[in-house]
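Participant: Got these off TrEMBL a minute ago, pasting:
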- 444-458: compositional bias 'Basic and acidic residues' (COMPBIAS)
- 437-458: region 'Disordered' (REGION)
- 39-57: transmembrane segment (TRANSMEM)
- 69-88: transmembrane segment (TRANSMEM)
- 94-117: transmembrane segment (TRANSMEM)
- 137-160: transmembrane segment (TRANSMEM)
- 199-222: transmembrane segment (TRANSMEM)
- 289-311: transmembrane segment (TRANSMEM)
- 323-341: transmembrane segment (TRANSMEM)
- 347-365: transmembrane segment (TRANSMEM)
- 386-404: transmembrane segment (TRANSMEM)
- 410-429: transmembrane segment (TRANSMEM)
Amino acid sequence: MERNLKNVLVISFGFLLLFTAYGGLQSLQSSLNSEEGLGVASLSVLYAALILSSMFLPPILIKKLGCKWTIAISMCCYIAFSLGNFYASWYTLIPTSVILGLGGAPLWSAKCTYLTIAGTTYAEKAGKNAKDIINQYFGVFFLVFQSSGIWGNLISSLILSQSSTKVEISEEDLECCGAYNCLTDTTNTTGSAKPSNSLIYTLLGVYTASGVLAVLLVIIFLDQIKSDQAETEKEKLEAPSFWSTFLATFRHLKDKRQCLLIPLTMYSGFEQGFLSGDYTKVYVTCALGIHYVGYVMICFAAVNSLCSLLFGKISQFTGRKLLFALATVTNTACIIALLLWKPHPKQLAVFFVFPALWGLADAVWQTQTNGLYGILFEKHKEAAFANYRLWESLGFVIAFGYSTKLQAYIKLYILLSVLVLSMVTYGAVEYLEAKSSPGTPAATKKDNGGPHSQETRM
């Protein structure tokens, strides 16, 4: 157990270091690289590359390199993105976004495969239930990993708050903040002025170093899974070719329930994209300054982590319908309030209330949607979760893609429309389930987000 636990901790802290850098950098893209919408364009390209990557790269790389080296090499793709930000332009940021997107799917797949094999191997030796050990390992992993959003954003805020170029934002400039923001290349010309290059380079240096430490940690301390242990898993990976996986993903759309879940799955990408791409820019950076983005996103990450843990536990008592209703009401209230609210520095607490409520709702979307897929499509999990990754990533691509083209209030109306459509189609799914199995309502089954709950967060 000690050796296996050591490997679990190495992977967990490796991901913590890597996503401390990536999470902080993602939150800043719309504000840090706002010229011509470069930052959000890079995120849109990133998620498009992730869609392609998830369809064919993971089985090939894991089969050829093994889990350890797939993890290490994929982590280097994330470091490339940090390096691209040093001299951010269309010629550096877009290619490195593609590289990161291609590395994202193999990284998460190799992590899941490694923890699964390690858990199964230990369970066989100890005579324990493999499922219980695997769940323990994933529990340890997410306990450590979830805090990356806090540390990455804390680093960015502490460093960027050292800026000496802060200027008092005039009431005239504040008129350009919020839902009816002025569409300009920069958020405004005063308090959100870009930090000095020295501060940006310091921040990027810390993030890059964090990524390099993650790679070194994995290379030096993570044990390679022995060939005999990994043989069974490799056989599983060898079986599906690219075309069979590709076709299985789209063949799964013949299931009416899968088609009905597409709006809900895409909404998950839309709402996360709005918070990290639009809220941080037209509300926080515009009215308070870029150094506040990290603090606001810490609030989101902390509430999201706590609620993910809480909702995963209480869903067996409440059922998923009640939790989906809670998330819908919370998000709807936030969207309406954001349409009406004019952000002002004097209302500092309000800037933190929105991401906190958003984090609560997002925790439901992540845990319960994943759990819903696992329950509805138990016999076709691979094709189902491939669809989940595909449609959520498409939601990210669209949200980041139109980010610089539309005013915030239009995006909020789009978000509200997709949310309403999602709940209508989700209701239809629940109706079909209740109709097909009246004796065992789907809502009473225990939902389990499992290892998939954070995969599409990159």
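Our numbering is plain: 1 for the first residue shown, then up by one each step along the chain.
Each residue, glycine too, has its Cβ placed from N, Cα and C.
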Participant: Cβ pairs under 8 Å only, please: of the recorded stretches 137-160, 199-222, 289-311, 386-404, 410-429, which one is richest in them relative to the transmembrane segment (69-88)?
Facilitator: 199-222
Participant: In terms of Cβ proximity under 8 Å, which residues at least six beyond the ends of the transmembrane segment (289-311) contact it?
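Facilitator: 23-24, 27-28, 31-32, 146-147, 149-150, 152-158, 160-161, 163, 166, 169, 191-192, 194-195, 275-276, 280, 323, 351-352, 355-356, 358-360, 362-364, 366-368, 449, 453.
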Participant: With the transmembrane segment (410-429) as the reference, which stretch in 94-117, 323-341, 347-365, 386-404 has the largest tally of C-beta pairs below 8 Å?
Facilitator: 323-341
Participant: I'm a bit unsure how to read this: which one of 94-117, 323-341, 347-365, 386-404 has the highest number of Cβ pairs shorter than 8 Å with the transmembrane segment (39-57)?
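Facilitator: So the stretch in question is 94-117.
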Participant: For the transmembrane segment (94-117), give me same-chain residues lying six or more residues beyond its boundaries with a C-beta closer than 8 angstroms to one of its C-beta atoms, as numbers and ranges.
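Facilitator: Beyond its ends, the transmembrane segment (94-117) has Cβ neighbours at 7-8, 11, 15, 22, 41-43, 45-50, 52-54, 57-59, 61-62, 67-68, 70-71, 73-78, 80-81, 83-84, 134, 137-138, 141, 225, 229-230, 233, 237, 389, 451, 455, 458.
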